[in-house]
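See below for the structure under consideration.
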């Protein structure tokens with residue numbers, strides 16, 4: 001089967017990666033030609049290869065020198081513009097357009113539709129001189145001064161042209177042009193624009209109709225790092241977290257970080273505690289929230305009662321009264337049970353009884369068979385909180401409304417406010433002291449560019465073609481943060497990935513609410529540091545910075561030995577302490593959040609955390625605010641006592657660093673699984689906020 005052999009950083013000096021990879025394979029096979037087994041060699045930004053090997057070969061390769069890990073190539077999944085105004089990021093705000101036009105965002109996704117208005121290069125200046133990539137988008141694919149590079153890695157399409165729609169959507173959220181009168185059949189109409197509309201886009205197509213290949217994804221990172229991107233946005237992942245040395249997104253983003261590139265990654269759409277896969281400390285993991293828009297439909301019953309439900313419905317009954325028939329009354333004599341009849345099972349639906357009518361189904365699974373058999377539309381019972389694009393006249397309503405729907409129906413549209421619940425939760429599966437997700441951004445019912453070749457509803461029978469579509473998921477929240485990161489980098493081009501990440505986290509707006517009572521205990525593990533505030537992010541005043549060396553030291557505390565850490569980092573001077581007592585403590589890693597996993601409930605705990613902040617001043621300041629004084633304030637919790645030493649930080653110069661210790665002591669009651677607070681440094685005008693979480 002297809003496996004990836006990861007070998008860390010490229011060795012310094014005279015070294016031929018591909019020759020080395022072939023010779024390694026040759027030693028494990030009786031086949032004289034190792035080229036028959038190797039699929040891809042990673043040799044531009046890091047070292048490794050993908051090959052078809054047996055279990056026995058896997059064991060042999062894993063024992064060879066310079067091999068960090070050998071693991072199967074998985075199939076990952078996609079994490080499927082009013083939003084910018086909702087964040088307070090209006091078109092009128094002051095931007096550094098010159099700096100922004102020099103920012104290159106690498107989009108690793110399903111490709112892009114280059115002819116979309118969101119990606120034309122009208123009025124766009126020359127390609128930045130730092131760009132070293134290529135336009136290898138395949139047949140009939142043309143780059144321009146907006147889409148400055150394209151590569152594809154799958155044989156399925158043979159092109160970077162997007163036939164799925166997802167990649168065009170995410171790219172336009174991050175850096176799409178301003179497009180007036182964009183809508184989905186008149187729904188959510190208005191201006192569609194990206195967070196950094198002057199930024200450039202480099203496309204790396206790694207996903208097809210069946211998912212995203214691990215080996216292709218790693219090849220995209222290998223190219224993007226050398227091509228010269230400044231940021232990478234990747235709305236891809238899995239529901240099964242794996243250790244760093246077997247996680248292609250973690251591997252690729254680590255080597256990107258080493259070259260000063262921040263990778264923004266979607267947290268996932270599982271909505272369950274502890275299920276987010278995006279856990280590496282160098283990744284910027286993004287959860288999804290909603291905004292002040294909810295797309296709903298209404299059904300008007302024959303008795304005058306109006307019920308509210310959900311769907312992104314481009315169809316209408318034009319006021320015509322349509323007969324409604326419950327699924328159990330529209331079943332055939334061979335239906336095995338009442339439950340299947342009420343669910344509109346394909347085995348039960350009688351085409352003669354539903355043709356031209358609206359059928360009522362107790363589950364969402366019966367809608368496809370119902371419309372295939374000629375139903376006019378479907379009303380189905382569902383507790384999903386977000387509306388979805390449908391390829392037929394349909395409405396999703398809750399159980400109470402469903403029981404009231406007994407007569408005739410027509411469909412219209414409306415908008416209200418909604419709260420998200422599908423976004424994957426923490427805590428971090430591998431390093432509990434590193435909070436995940438990091439941040440939240442809009443990810444529900446987002447209008448953005450789409451591929452006209454893709455079904456807008458995902459239904460293969462839906463032959464409509466659209467330029468813009470409405471999608472939900474952390475896939476949509478992730479490029480929002482990528483656009484904000486590009487906005488910040490335009491003002492601070494020399495900032496490290498960690499500084500950009502810190503600036504967005506520490507200026508975020510605090511959040512309190514989560515949809516769904518079952519997860520109320522996991523507040524910060526649902527939304528991270530809070531809801532993004534783009535305008536404040538360019539002036540964080542203080543940042544929690546760290547370098548590649550800090551991450552390398554953290555690898556030691558993650559259980560990797562000296563030889564492995566040297567392979568990964570490419571630095572032979574690195575050494576992990578021989579005693580676990582001297583290992584770097586993950587709790588003291590200079591992260592912009594403070595998290596501790598404590599023992600059993602009703603047992604007191606005391607933990608000290610060390611942090612260092614850097615005075616970065618303020619953008620567009622004539623004086624730079626080199627001399628500044630910050631005072632600590634703590635939001636106390638009844639189950640936790642927090643002190644900060646020192647509680648006053650006095651800075652005399654820009655880029656000066658100051659260290660402080662946060663002492664947290666407390667006890668979780670029998671009914672508490674998480675308690676949280678926050679530390680805020682303030683100079684009277686600027687606030688630098690850091691969440692504090694203790695959990696069992």
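Glycine is no exception: its Cβ is also placed from the backbone N, Cα and C atoms.
The active site, charge relay system annotation in TrEMBL covers 109 (among others).
Within 10 Å of the C-beta of residue 166 (active site, charge relay system) there are 26 other C-beta atoms, taking all protein chains into account. Taken from TrEMBL, the feature active site, charge relay system covers 166 (among others).
The annotation active site, charge relay system is assigned in TrEMBL to 475 (among others).
Sequence annotations record features per position, and here TrEMBL assigns domain 'Inhibitor I9' to 3-79.
Marked as domain 'Peptidase S8/S53' by TrEMBL: 101-512.
According to TrEMBL, the feature domain 'Subtilisin-like protease fibronectin type-III' maps to 588-693. Over the domain 'Subtilisin-like protease fibronectin type-III' (588-693) the predicted model carries a mean pLDDT of 90.
Residue 166 (active site, charge relay system) is 7 Å away from residue 109 (active site, charge relay system) when you measure Cα to Cα.
Cα spacing between residue 166 (active site, charge relay system) and residue 475 (active site, charge relay system): 8 Å, rounded to the nearest whole number. For the domain 'Inhibitor I9' (3-79), DSSP puts the residue distribution at 21 helix, 22 strand, 34 coil.
A simple way to gauge crowding: the CB of residue 475 (active site, charge relay system) has 30 other CB atoms within 10 angstroms, across all the protein chains here.
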